[in-house]
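Features of the protein shown, as given by TrEMBL:
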DOMAIN    38-89  domain 'Transposase IS4-like'
TRANSMEM  80-99  transmembrane segment
Amino acid sequence: MAELDISGFLCVRHGSGAYLIILRKEDDKIIAFLVRREMDLYDAIVLAEMYRERWGIENAFRSLEEFRIRTRTCDVRKELVLVLLSYLLLNVWFLIRSWRKVKLWEFSVSLSNLLDREVRVEPERAFREVKTSFPQTPANPMHLLPAT
């Protein structure tokens, strides 16, 4: 658990019986939440860290909704492959985002550009390279492919 750098702490009882906890971070950002019991600084920091981790999980689930698969196929195997591919891409994005701040939109545009450049733009050249890399023998079915 990462340690928060706290420069201020306040615990105030609300009229409803709840306690308002306010933490001021070193960069002057405020963390505020309500609890049912009075807390000291240490308990408030631990709880703030737990909320922070939970918030990351909630945001991850929200991101999964953005990756929801919309297909017209009735083949469950194809849908399963698409779901697994989506999870893989989402985990790659989480990994990259942990190294540097990358927005989901920037990641998807970069990935799309990479796929356009590597897969979609020059399929004929890739096909020719595959065809010419094998010997033209009757045992090799590549010789049956049309000439390009």
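Cβ coordinates come from backbone N, Cα and C, glycine included.
Each residue of the domain 'Transposase IS4-like' (38-89) gets a DSSP state, and the totals for helix, strand and coil are 40 helix, 0 strand, 12 coil.
This prediction places the mean pLDDT of the domain 'Transposase IS4-like' (38-89) at 77.
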